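Read through the structure below, which is laid out as structure tokens, and then see the notes.
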Amino acid sequence: MSGDGEGIKGCPGKEPGELFRAGRLVKICAPMVRYSKLAFRTLVRKYGCDLCYTPMIVAADFVRSAKARDSEFTTNKGDNPLIVQFAAKEAQVLCDAARIVCPFADGIDLNCGCPQRWAMAEGYGACLINKPELVRDMVRHVRNQIDNPGFSVSIKIRIHEDLKRTVDLCQKAEATGVSWITVHGRNVEERHQPVHYDAIKVIKESVSIPIVANGDIKTLKDAENVHHLTGADGVMVARGLLANPAMFAGYEETPLKCIQDWVNIALEHGTPFTCFHHHLMYMMERITSKQEKKVFNVLSSTSAVLDYLNDHYGVC
């Protein structure tokens, strides 16, 4: 684990639970492999994002290896509230991981939604929605072993073909003390099919803990529509924020000010070039022509990118 700038310990900001109790829609940056790292979290927090997740971390590796901890988890005192998402399949391993991050984060999330083959083959991610007792056991263990009552324990799931099974999973998790549940409104097989917002609504009506809706939210208007359609207490966004990190502030496309902020934050954090460049490609997708993309997307150094942004957009 490593700190950035002024050290690793987060200042106590709002506990995540308080965000949900405030009664307004909670706007959340999803866990994104390679992308929802400290520099990007710093950016979206400037533009109306209430709560951020780390990329998914395999709990067993994190507990076993100091090298994994250093490369996978970086935070600083402004990086809150923060949820660390883990892939796990054993209660004690998840507890050990939670105990390590507890002083530096506001909660953990158990990934029960990742549909990637490698995760499912290892017993992680979306295969856990078919093991409600194991999910319950993992949540209960963390609840019992972490002393801080404000530390949240949440889960992120996909839905079953038979929605009754999803409702049963959510009710079991609620009974065990899960803080909230994020529901990606697709089943394990679905990728780009329409999101089943009606299923999220049924789940919301079947539990009394907060429910977060996830899937195909690309603008603030989308977020508000999903809130009205489902009754969800929060919305979690992935690709929409990659394309426009300022979307929660109401911008329809990435403003130049946001691109400038990203340049400043990324340089300050020492973000590796590939990550720095990829984020800019996503952000500028809607505001650049095909011809411009052909040039920009093959730039191969930070100085070349900075020159391009300065020459074309006055971003320096």
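Just so it is clear, glycine is given a Cβ too, placed from its N, Cα and C backbone atoms.
Long-range Cβ proximity for CYS114 (active site, proton donor), meaning a same-chain Cβ under 8 A and a gap of 6 or more residues, is found for MET56, ALA87, MET120, TYR124, GLY125, ALA126. The active site, proton donor feature in TrEMBL is assigned to CYS114.
Within the same chain, residues at least six positions away from HIS184 (FMN binding site) with a Cβ under 8 Å of its Cβ are GLY113, LYS156, ILE157, ARG158, ILE159, VAL195, ASN214, GLY215. Annotated FMN binding site per TrEMBL: PRO31, MET32, VAL33, GLN85, HIS184, ALA238, ARG239, in sequence order.
Sequence annotations record features per position, and here TrEMBL assigns domain 'DUS-like FMN-binding' to 29-292.
Across the residues annotated as binding FMN (PRO31, MET32, VAL33, GLN85, HIS184, ALA238, ARG239), the two Cα atoms farthest apart lie 18 Å from each other.
Long-range Cβ proximity for GLN85 (FMN binding site), meaning a same-chain Cβ under 8 A and a gap of 6 or more residues, is found for PRO31, TYR53, THR54, PRO55, MET56, ILE57, ILE108, ASP109, LEU110, ASN111, LYS156.
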